[in-house]
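Taken from TrEMBL as is:
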| type | residues | note |
| --- | --- | --- |
| REGION | 1-20 | region 'Disordered' |
| REPEAT | 49-90 | repeat 'WD' |
| REPEAT | 117-151 | repeat 'WD' |
| REPEAT | 152-193 | repeat 'WD' |
| REPEAT | 194-234 | repeat 'WD' |
| REPEAT | 252-266 | repeat 'WD' |
């Protein structure tokens, strides 16, 4: 095979991959994974991959699924190997270095800068890690050296959520100041502000297109069409939305504080399907859990802590990219897997429940759908209004067995 043939073959493979991604993101083609998920065995369970001292607030995977990133309330940022769990820590520079990287100094010099991290995101090329938290800045890190590169200032409230637009250098940040900002991490510039939410922005998600999905405490979910400078507003019937994610460019999921999960599409301003009490509290400690031996489970103590309605809030949702497999988490002791219907009947059906003690503050599927990561904490991501004493702060992983 000569050089021209090799280059032609490479170009055709790239074109085929781009076409496949476009079909999956548009919803015209969807990988059928949910029907292949096998029933978990008695010894299938979450195992703690990486430990944190305080509640984990966010987890993210690199594009190749080999590396993971996690953050916690004490400001710890870890970079780890998915197979072994071997991790390396990102070291925060001193205040003088942060200011030289364009961070604004604290208004009151008597107080130190808060290192509490609420959100993180990794770029598609794996070069950049973005973090945000209580100090109102978006911090940019080099994943190769684990060094701090830049601090983006401009938000007037805590940075609560972050998302890179896939395969670009565009980064979106949402804040308690009700705004969303667009940054270019290559040029280190601020590009645009998005206004519309009437209260704190809680969650953000983005795919290939210049479209953005957000949820705020104003009980709305908004789909932003950035080039057109327009937005579509969706309202849940009788609850406050807590989290959201894209299924594809025209369908998306949300989770609510009443324990419901909603399936949406662009054609309706109301949910196409609602699953009520998706994470209702069990009447007995082990009601939702698979039957296992009496040995201690590695992901936490099932009897610790008190049960409150806060524990049934759906705190995180995730979709395996380009597929019909979804997951949701709360603090009621289980992570649930769901199958998204592929026909005109817009609905979801439950698959299996995996036991996990603590607040599931963040979820992330591998691209293959063969494992699920959960960022777990004794406390919820954005507050301290609940506590599960038996939980182990850290990143937990659960393998998903698929039929061939």
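The backbone N, Cα and C atoms fix where each Cβ goes, glycine too.
What TrEMBL says about a protein is an automatic prediction, not a curated fact.
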Integer average pLDDT (0 to 100) for the repeat 'WD' (117-151): 97
Taking a Cβ cut-off under 8 Å, which residues six or more beyond the ends of the repeat 'WD' (152-193) line up next to it in the same chain? 102-104, 118-125, 128, 130-140, 199-208, 210, 212, 214, 216, 224, 226, 382
Contact set of the repeat 'WD' (49-90) with the rest of its chain, CB cutoff 8 A exclusive, min separation 6+ beyond the ends, reads 114-122, 124-126, 129, 131, 133, 141, 143, 146, 148, 359, 361-364, 366-368, 371, 373-381, 392-397
Just to be sure I understand, if DSSP states are collapsed into helix, strand and coil, how many residues of the repeat 'WD' (49-90) fall in each? 0 helix, 23 strand, 19 coil
